[in-house]
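Data block below; observations after.
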Amino acid sequence: MSLLHCENSCGSSQSESDCCAAMAASSCGAAAKDDGVSGTASTGNLSSSFMEEIQGYDVEFDPPLESKYECPICLMALREAVQTPCGHRFCKACIIKSIRDAGHKCPVDNEILLENQLFPDNFAKREILSLTVKCPNVGCLHKMELRHLEDHQAHCEFALMNCPQCQRPFQKCQLNIHILKECPRRQVSCVNCAVSMAFEDKEIHDQNCPLANVICEYCNTVLIREQMPNHYDLDCPTAPVPCTFSTFGCHEKMQRNHLARHLQENTQSHMRMMAQALQGLSLAVAPVPQRDMLPYDSSPLSRISSGCCSDQNFQETIQQLEGRLVRQDHQIRELTAKMETQSMYVSELKRTIRSLEDKVAEIEAQQCNGIYIWKIGNFGMHLKSQEEEKPVVIHSPGFYTGKPGYKLCMRLHLQLPTAQRCANYISLFVHTMQGEYDSHLPWPFQGTIRLTILDQSEAPIRQNHEEIMDAKPELLAFQRPTIPRNPKGFGYVTFMHLDALRQRTFIKDDTLLVRCEVSTRFDMGSLRREGFQPRSTDSGT
């Protein structure tokens, strides 16, 4: 019966694809060869790799798979479909494993079933391979016939591949970005020494790189790391050093630039220490017999240590040392005078630099033309101080409304949680300042001021928080200042609540942006034309 089915299968496979024909012919040949032997012998001749074949197709069909194409054993689409004499269809690997494990019977109706009674169902195979399936890779929307699924998966951009460096799985479309920018094992180079390393090792390397710039902990000089030991030992003016006479008993430590002054102020005490040390040395050394003496050395210290110098030689040695100390004292005085001259020169240079910096800041302030954006960095630190009920008051640099124009600045105050009626609010005020053009401007100041906390999100439409206020000439806040900054300010005690500050991206990279736009009485109509109406303000001190 089995042979008859195989011959029919072989005969019908001539019109199918070469693959189906080859499989049918192979199956028929195996059946014909096994026809003359028992079922047990047939089972023993099959390769053990048969048992390792996978089960049915575990993919999503569109439309869903019909039940007639499901394997009763694995409940998936038939793979290499075979049919039994009793008319049931199974995956080839599933039914062979069932026969070998559970016995020679059909799993559906328990009819006697041998392996050599199975024959390929090429019709079912062709029908199943023609069904439409969805790509199983997450994110891929492609659909194809089942026979093309394997080729598609080999090129699918959403297929998972292991990173060759860290072995983590990623989709093909994301793998290049991961390898180039995200992988902890990607190769990077040190900007200082050009050594290549894995990114995850870069932090440790940066802490030990011999060519990295480091700051001296004593004088704040910037040097490369490999130069720092010599800098500490020889050059650093503020590094702590012991006194030159420490071996003679002076235990003072001081900054290197104070050493000369210390030697100058303590010359006499250092001489006493040396004399006491030399006297103790001469008393401690016993006379040495002539036959045990070392070769003669004419240096003062060698004569003392040899134990053979006379009292006269000892006095001469002390006189020589005192003369050397006097010469060193003169040298120290000269070096001290030079150092004081250099210190005065450096102080003058610092004053000049500060003056130039002030002039540059003044010129930059004049370029604002009434629009100034104040960048407040480390804002998280200010918020933490506010939560700890520490006062937070920050003033912006000065800026001009034009050239010529009024000079103003902003003041931001984070109200404490315990403040009455304004707890946890941002207070924002404007102060007038003494400027270069005050004598040419009309006083008191008159105009309109728009204060804005900028939304730093990437949204196309940003929701800034802003208020507009009109100057009130009768208030002291708008009179001509008599000191560098008018202590009276004008603005809002309750400009914005801190809870509202956290609802959108007002803080980005730990920075808050506050914008101030000022229109004097000559151009204040521009703000009103935009449709903004000022609300009542609170003057502050």
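Each position is counted from 1, following the chain as shown.
Note that Cβ sites are derived from N, Cα and C of the backbone, with glycine treated the same way.
The shown structure was predicted, so the numbers you read here are calculated from the model rather than taken from an experiment.
What Swiss-Prot records for this protein:
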{"type": "REGION", "residues": "1-373", "note": "region 'Interaction with TAX1BP1'"}
{"type": "CROSSLNK", "residues": "Lys125", "note": "ubiquitin cross-link"}
{"type": "CROSSLNK", "residues": "Lys125", "note": "SUMO cross-link"}
{"type": "CROSSLNK", "residues": "Lys143", "note": "SUMO cross-link"}
{"type": "CROSSLNK", "residues": "Lys338", "note": "ubiquitin cross-link"}
{"type": "DOMAIN", "residues": "369-518", "note": "domain 'MATH'"}
{"type": "REGION", "residues": "374-541", "note": "region 'Interaction with TANK'"}
{"type": "CROSSLNK", "residues": "Lys472", "note": "SUMO cross-link"}
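Here the candidates are the recorded sites Lys125, Lys143, Lys338. The one whose C-alpha lies nearest to that of Lys472 (SUMO cross-link) is Lys338.
With the fewest other Cβ atoms inside 10 Å of its Cβ, the least crowded of the recorded sites Lys125, Lys143, Lys338 in this structure is Lys338. Spacing of Lys125 (ubiquitin cross-link) relative to Lys143 (SUMO cross-link) is 19 Å (Cα to Cα, whole number). Across the structure, Lys143 (SUMO cross-link) and Lys338 (ubiquitin cross-link) place their CA atoms 87 angstrom apart. Within the model, the region 'Interaction with TANK' (374-541) shows a mean pLDDT value of 87, rounded to a whole number. Lys472 (SUMO cross-link) counts 14 other C-beta atoms within 10 Å of its own C-beta, drawing on all protein chains shown.
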